[in-house]
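**Student:** As annotated by TrEMBL, domain 'Glycoside hydrolase 35 catalytic' applies to 37-141. Under the heading domain 'Beta-galactosidase 1-like first all-beta', TrEMBL lists 188-306. For 350-412, the entry in TrEMBL reads domain 'Beta-galactosidase galactose-binding'.
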Amino acid sequence: MEVLERLLRREQLVEILSSQLSTSQLVKSHGLYLSCKRSSTPLENHHHFARWLTHWGEKIAKTDAKSTATALEKILSRNGSAVLYMAHGGTNFGFYNGANTGIDEYDYKADLTSYDYDAPIKESGDVDNAKFRALRRVLKQYSAASLPSVPSNSEKTGYGAIQLQKASFLFDFLDNVNTVDVVESEDPISMESAGQMFGFLLYVSGYSAKENGNILFIPKVHDRAQVFISCPSEDNGGRPSYVGIIERWSNRTLGLPYLECASKISLFVLVENMGRVNYGQYMFDRKGILSSVYLDGSILHRWKMILIPIQNLNEVQKINPLFQVAFSRFIKMSALKKLKDDSETKSNGPAFYAGRFAVNKMNQVNDTFISFNGWGKGIAFVNEFNIGRFWPSVGPQCNLYIPAPVLRNGENVVVILELESPNPELVLHSVDRPDFMCGSTSSKVHQL
């Protein structure tokens, strides 16, 4: 950075904020970077990064079109040049959303799947909005060349309700785990050390139960852990039952209920990498369990780390054992035309759900959004493409964007991993617009 700074100063190219224009406020509020050739007038030099990020659990950030355009006009009227950030919103497909921290590494805030950013060019590429028109009017006023014509918004289609069926529990795949996907260690190791760079890693150990229960404490988990216990000597093999959650940002002890068992209790800790910190002193952001695990104040040893092979965007397409299990059961149930009304179908816990929806072969394939209203938290795939995370119970994002190239004429398959509690009706909806009004922030918009 020092070499780059010297080079920029030598070439008289600097990123500046003029106190005369109150541009520090312009950058903070409107995402405008001011840069120009150094003039004979001394100006205060700064490096400044503007952020309009929205994190899970926050109000969706918005900026007023008129004030944003006014800020741009102030810069251009003084012969400055501005960089709009973001000019074009986007989407954090796969596991590629980032995160930020506050006062320390525990003050962790994961970004939404949507990176729309309230940009003048929206996540879907649409430009028919007040902010785009206001900024275009300013640019036209100060541009020496004529501006190109404005493209039309892309077509959006809601393809209707998508009925899902439970295809398999996540823990069903334990019966088919390849030994190369299991790492054993006296103490827990990070996801990176185990070879799991994104997604999830399952930590497994065992302990002796106490009649009054046990107390679990994990001082450092990145980022969110779901805790389960089971009795492996039970006739059903001891399917894990949910106990609670331990989170990086609100770490606490967790009581493990007494479970009568002829053998040791199996402890399962499913850790989700919710996105790496992408700036600042905590940018070296390892994931997983990063400390000893304490049970009733004593360190718990002898761990297995089991890789969860859920595909990210950068990975080579291959047969996924998790999807094999999910699809085989889904196809069998589809052939029966209806779900069995039994306890396995109704029970909660991490599970795969699958369904289909059709795009009429006579029609053009258009962009769509899938609404996850009523669902808990998880990740979703459309035609084996990882469209990102959903968490409508926390919000504010309700709908995930599906660009037309992901879809195809005829049958389209949706598979989701629901980590917590599914929609009681097991239904999704394909709709024609975004929605950022979910969760506890449902009636609020953060106006910057």
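For all residues, glycine too, the Cβ spot is worked out from N, Cα and C.
Please treat TrEMBL annotations as automatic predictions, because they have not gone through curation.
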**Student:** Using DSSP, what's the helix, strand and coil tally for the domain 'Glycoside hydrolase 35 catalytic' (37-141)?
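**Tutor:** Summed by class, the stretch gives 25 helix, 24 strand, 56 coil.
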**Student:** Determine how many residues of the domain 'Beta-galactosidase galactose-binding' (350-412) DSSP places in helix, in strand and in coil.
**Tutor:** 3 helix, 32 strand, 28 coil
**Student:** Let's see if you can do this one: DSSP helix, strand and coil counts over the domain 'Beta-galactosidase 1-like first all-beta' (188-306), in that order.
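**Tutor:** Per-class counts: 7 helix, 52 strand, 60 coil.
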